[in-house]
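Participant: For reference, the structure I am asking about is given below.
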Ligand SMILES: NC(=O)c1ccc[n+]([C@@H]2O[C@H](COP(=O)([O-])OP(=O)(O)OC[C@H]3O[C@@H](n4cnc5c(N)ncnc54)[C@H](O)[C@@H]3O)[C@@H](O)[C@H]2O)c1
C-alpha cells in the first residue's frame, strides 16, 4: 500500500494547454507519460558520459562497412555518418538504428554539413572517388580525391580539433600527407591504415601456402599502400620461426620458390582481384580500420604498419607519408620503428618513397 502511494499521480501534469491537446492528442499522451516516468528516475551527481564518439565521413561501400563493424564490436557509443548525399546517409543511419536492440543501443546520426560531428574522438575519412575506367590504380584518382578532401577536411577538423584522424581515401598515403599539410595536423594523430591492410593480405597469402591460419604468420609490408609496397621478408615468422632461416633467398633474385610472385599476386594485385569483379573492396579494409580504432580505444600499444610522415627514418630525408611499423595508443601513434632492413628491402623502401614524393609534388594544393 505504501509503495502505491509513492507512485506519481498522472493527473498532476498541468502544464499542457487545451490547444495542445486539441492539436496533438498523441503529444499530450506522450508528455504525460514521459513526465510521470521521469519522476521515477532520480538523478544522481554522476557526470553524464556519452561514450566514445566516432565520425565516419563518407558512407559509400567502405564507410558503411566500417560503421557496421564499429557497431558490431561495440566500439562506438555515438556514431555520426557524414556524407554529401544526406538522404542516403540518413537512410543508412535509420537502417542501422532499426537493429539497435541487437547492438547495445548506440546513438547513430547522419549529416551533410559536419554539425553533428562536433567533438568526435575519432574521425574516419572515406570520402573520395573510386578508381574506374581503364586506369584502376589508386594514383589515378589523386587530384579528384584531393579536391574532395579540400572541401571536407577543414570542416571536420574545426568541429573536432582534438580527434584522431584516420585516412582511408585513396591514394591513402598521398591523401594523408595532403590532409596533414592542409589542416596542420600532427603526424601522430593524422595517419592512414596504409599497409596494415597489405600486411594482413601478406600474412593471408603466406598462411595459404603453408596451410596454416593467418594468425600463425607474422610479418610486415611497408612503404606505399599500392604498387610499390615492400614485403619485409626479414620480419616474417611462421609459428615463431623466421622464414628467412628456412628460405634464405626469399624475395631475392635467386628466389626459386617464387615468393615474390606470391607477394605480387596476393598483395599488390590483391585488391584488383576483388575490385575487378565487385567494382570495389570493402570488407578487409573495414576490418583493418576497425582494428586500428580498437587499438586506439584500448590504449593498446600494438604495433601496426601505418602510414604517416616518416622524414628522418630509414634514410628517408623528405616529408613523405608511407607505412612503417607504428606503436598505437590512445592519442594515436606514439613511436615509429626503424626496421633493420636488408639491403634489398632498404632499396625498395627508398624507391617507394621517391615514387610517392613525385606524386606529392605533382599535386595541385
Ligand atoms: N586505404 C585503403 O586500404 C582503401 C581500400 C578500399 C577503398 N579505399 C578508398 O576509400 C574511398 C571510398 O571507397 P568506396 O568504395 O566507399 O567509395 P564510394 O564511392 O562507395 O563512397 C564514397 C562516398 O564519399 C561520398 N562523398 C564524395 N564526395 C563527398 C563530399 N564532398 N562530401 C562528403 N561526402 C562525399 C560519396 O557520396 C560516397 O558516399 C575511395 O577513395 C577508395 O579508393 C581505400
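Counting begins at 1 with the first residue displayed.
Here the Cβ of each residue, glycine as well, is placed from N, Cα and C on the backbone.
TrEMBL labels come from automatic prediction, so no person has curated them.
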Participant: Looking at the NAD(+) binding annotation from TrEMBL, with 58, 59, 60, 61, 62, 63, 168, 169, 170 already listed, which candidate in 83, 87, 147 is the matching residue?
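Facilitator: Between 83, 87, 147, TrEMBL records just one in the NAD(+) site with 58, 59, 60, 61, 62, 63, 168, 169, 170, namely 83.
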Participant: Near the Cβ of residue 62 (NAD(+) binding site), how many other Cβ atoms are there if near means within 10 Å?
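Facilitator: Around residue 62 (NAD(+) binding site), other Cβ atoms within 10 Å: 25.
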Participant: For each of the binding-site residues (58, 60), count the other CB atoms lying within 10 A of its CB, then report the residue with the highest count.
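Facilitator: The most densely surrounded of these binding-site residues is 58.
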Participant: I'd like the Cβ neighbour count for residue 83 (NAD(+) binding site), meaning other Cβ atoms within 10 Å of its Cβ, all protein chains included.
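Facilitator: If we count other Cβ atoms within 10 Å of residue 83 (NAD(+) binding site), we arrive at 23.
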Participant: I need the most crowded of these recorded positions: 169, 225. Count other C-beta atoms within 10 angstroms of each C-beta and give me the top one.
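Facilitator: Answer returned by the neighbour count: 225.
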